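The structure under discussion appears below in the form of structure tokens.
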């Protein structure tokens, strides 16, 4: 069986290189990115040229479709087309952050279901499988006519919480920032054996919060807000304020995808939150890396193992278990 081969667009080269390094550690052999050129013509058309022979190879395209979402999506599709026309045997799109996932349904009349359209485009480009992380809506997996492996941040976040709050777990309260995110927050609460609270928000219009109410007693607790996406951070920072007003002694947040657009970083640094923990599913900007209360949990170990499991035909769902991730993260976290 040929070794898996990785190729990357421009969306998150740092993560792609980290995945290659981690796979090298796991496999005991050198894994590097396939040599390719992904460029723009003067009119901003995307051009891809693969410099290595990929005929009959098992290819993994690492490309989150984050900001600029349209450019990064087109890069993914064109890379896949180049690989298919170069006779690659199988193409897996590794999409750490799946853009357009928030458009998974018609919220009002005469609007699109853009997530379904993107799924159709991915399939038509010749991609055989998708590997992603914390889809905004789990039902998006059903939009595809190809297999989709959706990894979860909950196991590694639970490990991180156990590590950073060692000896304080009894003081923690996991908080969902809205009713729709309860299942996600409950999963982490169950893993760390903590109670659950909910912030019920009433939204007047997108981007504007009219009212927030805390469901649950957070007095004297160190609150851990759990969500999948932080965009402008307005809702998150307001939720942190409301929790403090309701008696919480500290507020920390664990968010899978740090979109952090516009004034988000400034809001977070000035907020009452002691820390915001995100993954590197989206390439962190210099401002994000320099923020004193933002910390980044790497996803490369998890993606590297998932790719190896797909390649070898072994279980990907084994990565949903916290204990499985301990050796994968190589001493970064210790249990007990």
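Including glycine, each Cβ sits where the backbone N, Cα and C put it.
The ATP binding site annotation in Swiss-Prot covers 43, 44, 45, 102, 103, and the record cites sequence analysis as its basis. The Mg(2+) 1 binding site annotation in Swiss-Prot covers 136. The active site annotation in Swiss-Prot covers 201, and the record cites sequence analysis as its basis. Per Swiss-Prot, the feature D-ribose 5-phosphate binding site maps to 203, 227, 231, 232, 233, 234, 235; the stated evidence is sequence analysis.
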Near residue 235 (D-ribose 5-phosphate binding site) in space, meaning Cα within 10 angstroms, which of the recorded positions do we find among 43, 44, 45, 102, 103, 201? 201
According to DSSP, collapsed to three classes, what secondary structure does residue 234 (D-ribose 5-phosphate binding site) have? helix
Determine, using Cα-Cα distances only, which of these binding-site residues is closest to residue 227 (D-ribose 5-phosphate binding site): 43, 44, 136. 136
DSSP, reduced to three states, assigns residue 227 (D-ribose 5-phosphate binding site) to strand
Binding residues 43, 44, 45, 102, 103 (ATP) - maximum C-alpha distance in whole Å: 29
Could you find out if DSSP has residue 43 (ATP binding site) as helix, strand or coil? coil
With an 8 Å cut-off on Cβ-Cβ distance and a minimum sequence separation of at least 6, pull the same-chain contacts of residue 45 (ATP binding site), or say none. none
What is the interatomic distance between the Cα atoms of residue 232 (D-ribose 5-phosphate binding site) and residue 44 (ATP binding site), given in whole Å? 27
Around the Cβ of residue 233 (D-ribose 5-phosphate binding site), other Cβ atoms found within 10 Å total 26
For residue 136 (Mg(2+) 1 binding site), the closest of the binding-site residues by C-alpha position, picking from 102, 231, 233, is 102
Here are some binding-site residues: 43, 227, 231. Which one has the most Cβ atoms within 10 Å of its Cβ? 227
